[in-house]
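A.B. asks: My questions will all concern the structure given below.
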Amino acid sequence: MATLPRAAPPTPAALLPLPRAAPPLLLAGRAAAARRSRLRARGPSAAARRSWVVASAASSSSRAVVGGVARREAPPAPQKPTQQAADLNHILSERGACGVGFVANLKNMSSFDIVRDALMALGCMEHRGGCGADSDSGDGAGLMSAVPWDLFDDWASKQGLALFDRRNTGVGMVFLPQDEKSMEEAKAATEKVFVDEGLEVLGWRPVPFNVSVVGRNAKETMPNIQQIFVKVAKEDNADDIERELYISRKLIERAAKSFSWADELYFCSLSSRTIVYKGMLRSEVLGQFYLDLQNELYKSPFAIYHRRFSTNTSPRWPLAQPMRLLGHNGEINTIQGNLNWMRSRETTLKSPVWRGREHEICPFGDPKASDSANLDSTAELLLRSGRSPAEALMILVPEAYKNHPTLSIKYPEVTDFYDYYKGQMEAWDGPALLLFSDGRTVGATLDRNGLRPARYWRTSDDFVYVASEVGVIPMDESKVVMKGRLGPGMMITVDLQTGQVLENTEVKKTVASASPYGTWLQECTRLIKPVNFLSSTIMDNETVLRHQQAFGYSSEDVQMVIESMASQGKEPTFCMGDDIPLAVLSQRPHLLYDYFKQRFAQVTNPAIDPLREGLVMSLEVNIGKRGNILEVGPENADQVALSSPVLNEGELETLLNDSKLKPKVLSTYFDIRKGLDGSLDKTIQALCEEADAAVRSGSQLLVLSDRSEAPEPTRPAIPILLAVGAIHQHLIQNGLRMSASIVADTAQCFSTHHFACLIGYGASAVCPYLALETCRQWRLSNKTLNLMRNGKMPTVTIEQAQRNFIKAVKSGLLKILSKMGISLLSSYCGAQIFEIYGLGQEVVDLAFCGSVSKIGGLTLDELGRETLSFWVKAFSEDTAKRLENFGFIQSRPGGEYHANNPEMSKLLHKAIREKRDNAYTVYQQHLASRPVNVLRDLLELKSDRAPIPIGKVESATSIVERFCTGGMSLGAISRETHEAIAIAMNRIGGKSNSGEGGEDPIRWNPLTDVVDGYSPTLPHLKGLQNGDTATSAIKQVASGRFGVTPTFLVNADQIEIKIAQGAKPGEGGQLPGKKVSAYIARLRNSKPGVPLISPPPHHDIYSIEDLAQLIYDLHQINPKAKVSVKLVSEAGIGTVASGVSKANADIIQISGHDGGTGASPISSIKHAGGPWELGLTETNQTLIQNGLRERVVLRVDGGFRSGQDVLIAAAMGADEYGFGSVAMIATGCVMARICHTNNCPVGVASQREELRARFPGVPGDLVNYFLFVAEEVRAALAQLGYEKLDDIIGRTDLLKPKHISLVKTQHIDLGYLLSNAGLPEWSSSQIRSQDVHTNGPVLDETILADPEIADAIENEKEVSKAFQIYNVDRAVCGRVAGVIAKKYGDTGFAGQLNITFNGSAGQSFGCFLTPGMNIRLVGEANDYVGKGMAGGELVVVPVDKTGFVPEDATIVGNTCLYGATGGQVFVRGKAGERFAVRNSLCQAVVEGTGDHCCEYMTGGCVVVLGKAGRNVAAGMTGGLAYILDEDDTLVPKVNKEIVKMQRVNAPAGQMQLKGLIEAYVEKTGSEKGIAILREWEAYLPLFWQLVPPSEEDSPEACAEFERVLAKQATTQLSAK
């Protein structure tokens, strides 16, 4: 065997430059400028300030760069994570996103140019990647290509070796251990497996590299990189050769497990066709690091490239991409369930191609690897088992085919394919752009929601390109014959053997036609048709009551949940947040479900809107045995298909009567006659054994039932969630899970959260028999009948009541799935997407294995006792004749303790209004003596010092500067409340938060007209002072973008991006029309009375790199404002926060689950989000361990009421502290808890003028409160012996457990909260005082530096200029708009800037434009064009000479005009998904759009002169849309929930449409527009007008507008 000595690192001059003439020069200049700016920024502020710079370009300046002075000269290397930091599920520790693409030659001609182009494209997407704390270690970059045989033959010949047999030789790209001895052991072990397999090892080749370009952190973990060549002589078939190499690799991985270096051995690739070069590198240095990639003998017909942005900064070389088959941009949300199900399949997978060796290729997943690595592993298994890459990905990542009229009508075989595999393989669900190649085919596919950008183009010289962005490779546009984009669920493939390019349906039809899937489904799959509900009760009232008591129902559960759902058909809504103790801290018994909190999407993947985007979601589920996924046949279709997992009694009976399922009913009761201790455990073990035996005997359906005609006092029911989870886990561990489905037939399930838990832990369906009986009982009660008879309640039949209940449950399930960004119930089933608070490891290991439970808690015996405490109530002699009210939802005497209670409110009001220290002391004592309510109540401060005089402690005025108020929107609360809070915070130097909804510009200037506490400027307030300002220092950017204008942003000290809200994380919001007064409508650029919808996700944040882009945009328009990102506490938040820090945020806010809300479903308030104590601890520790803590201020909020809360939060690492509900109480809130009704009795949360007039608050009250809190902090610091709050921040060693003994806290472990990862290098004050993070050199600076442009802005003149633009130039014109908005406001600029750009614009082109800015782009643009624009004109046209037809080409990306409040946009060509999403007042014309056009639109006008995608106008409550429908296909694509479709009949509408097209033609020269105007009379009838209710009476929409207007005038006169 021959080896080649490792090459010495070459000199920089020897490195091959990327061949792009203009951009590198431009970028180099910016990089130099960035370095100069860093040098100028050294030294924290005047005293201690540091500036973090992230440059805009794909160059060395594109990474975070650190400069400055800290407590020591050189920052330390990141510490390796401790065991405590790793106390999370491995899955949560690796999240990310990226930029990807491929280049392919249709003639299969290999060339070095392809590799060079791929490297160039990779370099131009550096901004989509991330770097570690050293700002130099890339999160990962890589390239996959064909094996470069010419290069390897050249090497072999130089070594005196024979040339390789290219057909039969495999090449392994191997990461080996660093240690020399371990490396030799690994090589020997590898060779042994190959030899044992009958393969010939030809030799090892050390891969030549240049280590000087590797970052410091990446260098520490850099492997020894070598290639191994093996000959597979025993196989002739090419697929068999690949399969033999796959088996060998699996055997090597298995053999390595017995060695200490097992985790250090990794095959990037092992194939005769493809090879992967990757590492923890930045894009631009991949080609400099691997010297092979500079060698012109490296030739390939294709190349896939990938740049990673990981939220985790600990370098892990193997997780760089591409993987062995895939390059993945996105995140798999269902990964835990996918891994569980793949583990379950290991015993069932069989295929002749494996020749009986299936057991040797297990396991099929690795929880320690990333989601991308596991998806790649599964796809590779299918590929090596005989599937094509396209087929494998159709199985794993199916499109949303159910609501796709084109597929169902034109390609029924494709829908049959998806229906067949729906029952075999749960979808790997989540945002995903997947590029793939097996060496013969290269392609790309997009997830069902289309959540990642994917543009493609084809040239006349036979090249195909796919990339996350356009403009990454210089292109002669005259050669481009096709420009398109992948829409949701779409696929494109290039067959390198035949040169065919297959687009979407062509690919899928070919795959789906291979087998008669439709015939198999018709013959084998049974569909359960809906069965009628029972029409009478089956229990008497006393029996119902006994069951309800035994199974833990309260009167609130029945009246506020079940009955409300039965009556209304939707989940009940409540407000003010969850202020009762966690279940484990409560002194009252709780159902097992209450120990579980739903997880939710934030930052790394988006939530989904289940109401407006329901076409991508499904609750369908199949029952029965899941077959062998590696084989295709009719037996796999032998299942029962359910349309929903919620069954009534008749539907359950149908399942039980299905003989093919061989159903087995298992009773879930345990016997306590021999004592309680151990009985629950023994019964569950026996239950698992019974289930095991039943499945081995052929049962395909296990029904776990607690149904009993006569419950017995000594045989309580096992909590059904515990039974389901235990059997689910047992069957997985014993290889039986695929053989049977689990159905729960239970009394203990009535809320949507209960259903979600059961399904999440393994149940396929649930029959809630007692809840349904409760619905029937309610409907037949005299009270209900009387209410219906008197018109005080909607009239429903007994069947409708049950149907309404199930409808509400199904809607609630969709919402819970959508919070996590999951579309399919089949993917949610068994995915365990919950966090546990209060269950011990014994319980978790038994039934909920893999779920995160950080604080421990109840044992099985304790859980049994809690279960029994409900059960005995039903059988005691003094059993109540009605259900008990536990007070879990509403505060009531004798009920559960609520932190926001009337007594607390009265004591606080007394203290702050009287401004007496002793009154505040009484308030403090009340809080100190309350029952344990939150985790921090279990902790107290201790000191390692003697007390000091309070006079030595920093002042209260200094402390209050760290205080903030929560983001409460003007609209949810009244103007009076909003302004009073802002004035108070400005007086003390703290910060108020605008919340969503904007702000009146009148508030941005200090008051100078105050007399006797009143001001004509703000006449509705009292207690004012001259010098007061009502501006909110923190201005919020939420998903609805309401009120977000350029002027709003430039008047912010800080800008908060609200990702999630503690009381309802993962959900959007809706301001009801009754709260949208004329004033609110003006601020939100809407009409009075129009409901205003905020989407669940930000539609420009689907991943971590998207968040980085929005932060970049905001820094662009206001470079002086710090950008904050608000997250909600959950397991894994530390990893997310690391990504947020790397995304260049200045501040991270952690919110607890107990924060307030104006309105939210009860299940969300109660069951989503976690305590901030855990989230803050994890975030602080993770940031410290990753070397990122100094970059960001940590702010925390959620239930803060006192100085004690501040002190504990400080010790846990927080720099700043947020107060929400208590601030409202201080300004007058009386906790009526009816915020969502608009009937607040004191006008705090109402827009009704007569109620607002009752507002009692004055700013001074809130000032007094915060000063009291600060003095409390001072007194505590003095007692602790510390002079500054700085000195205790992060000092968890100053915390200790209180000596409190509660019934359920005996086994709680607070070790995680008390653990310490060390302190940051800087003090909190230094971190808080550092400069705003910047974008580095940007094109806007060049524009603003132009003397003519500067003069035009300063003196309101007209100027025309032109600039070249590249994809690395992002948010172009945002900085210019900010300068104009700061000087003139949103509408005051009278000058005119006419700027033309030539080239490919980066993301957010033309964002935040103001009137007077006329921007023209000749070329193409990426995502977010016109984001937040308030005026001006934005035109995008292709270059003059193109090889494609402009109206057929995608010319701009996704999510254009997001939140636009004015201006005009004209695009000659097509746009991507979500064009004009949340458009307020912008007018736009485009020649075609993707899905979700005009979503959530509230104003403006959009004209589409071509095809639109699906789900048009979903959530559209204002504005008008005109869409040309030449082929009569639009009607089924429109979401008609709100809008109506009509032809353009109104003369004003015709004029508006024609006028916009005329302007469009003038600006773009569109041939399509010219043709329409030329034949206007023929085209006009082909247009549809989409009209929401708010526009029905407008002159443009109402053909009889004049008559309607006259009628309204007559009515008004009559009224007078």
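The chain as shown is numbered from 1 upward.
Note: Cβ is positioned from N, Cα and C throughout, glycine not excepted.
As the structure is a computational prediction, the values presented were derived from the model and not from experiment.
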A.B. asks: Please state which member of Cys1229, Cys1373 Swiss-Prot lists alongside Cys1235, Cys1240 for binding [3Fe-4S] cluster.
C.D. replies: Cys1229
A.B. asks: Could you measure between Glu1216 (FMN binding site) and Cys1229 ([3Fe-4S] cluster binding site) for me? Cα positions, answer in whole angstrom.
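C.D. replies: If we compare the Cα positions of Glu1216 (FMN binding site) and Cys1229 ([3Fe-4S] cluster binding site), the gap is 24 Å.
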A.B. asks: Measuring C-alpha to C-alpha, could you say which of the binding-site residues Val1192, Ile1208, Met1224, Ala1232 are within 10 Å of Cys1240 ([3Fe-4S] cluster binding site)?
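C.D. replies: So the list reads Ala1232.
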A.B. asks: Between the Cα atoms of Phe1200 (FMN binding site) and Cys98 (active site, for GATase activity), what distance do you get, rounded to the nearest Å?
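C.D. replies: Rounded to a whole number, the Cα-Cα distance is 38 Å.
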A.B. asks: Can you check what DSSP calls Glu1216 (FMN binding site), collapsed to helix, strand or coil?
C.D. replies: strand
A.B. asks: If you count, for each of the recorded positions Cys98, Leu1176, Ile1184, the other Cβ atoms lying within 10 Å of its Cβ, which residue has the minimum?
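C.D. replies: Comparing Cβ neighbours within 10 Å for the recorded positions Cys98, Leu1176, Ile1184, Ile1184 has the fewest.
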A.B. asks: Let me check the 10 A CB neighbour count of Cys1235 ([3Fe-4S] cluster binding site). How many other CB atoms are there?
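C.D. replies: So the Cβ neighbour count for Cys1235 ([3Fe-4S] cluster binding site) comes to 24.
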A.B. asks: Roughly how many Å lie between the Cα atoms of Met1224 (FMN binding site) and Cys98 (active site, for GATase activity), rounded to a whole value?
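C.D. replies: Cα to Cα, Met1224 (FMN binding site) and Cys98 (active site, for GATase activity) are separated by 42 Å.
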A.B. asks: Could you round the CA separation between Cys1229 ([3Fe-4S] cluster binding site) and Ile1208 (FMN binding site) to a whole angstrom and send it over?
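C.D. replies: Cα to Cα, Cys1229 ([3Fe-4S] cluster binding site) and Ile1208 (FMN binding site) are separated by 26 Å.
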A.B. asks: Among the binding-site residues listed here (Phe1200, Ile1208, Met1224, Ala1232), identify the one with the smallest other-Cβ count within 10 Å.
C.D. replies: Ala1232
A.B. asks: Rounded to an integer, what is the Cα-Cα distance in Å between Ile1208 (FMN binding site) and Cys98 (active site, for GATase activity)?
C.D. replies: 38
A.B. asks: Residues other than Cys1229, Cys1235, Cys1240 within 8 Å, Cβ to Cβ centroid, of the [3Fe-4S] cluster site?
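C.D. replies: Surrounding the site, in chain order, are Cys575, Met576, Ile973, Met1224, Val1230, Met1231, Ala1232, Arg1233, Ile1234, Val1242, Val1244, Ala1245, Ser1246.
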A.B. asks: Taking Cα atoms as reference points, rank the recorded positions Cys98, Leu1176, Ile1184, Val1192 by distance from Cys1235 ([3Fe-4S] cluster binding site) and give the first.
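C.D. replies: For Cys1235 ([3Fe-4S] cluster binding site), the closest Cα among Cys98, Leu1176, Ile1184, Val1192 is found at Leu1176.
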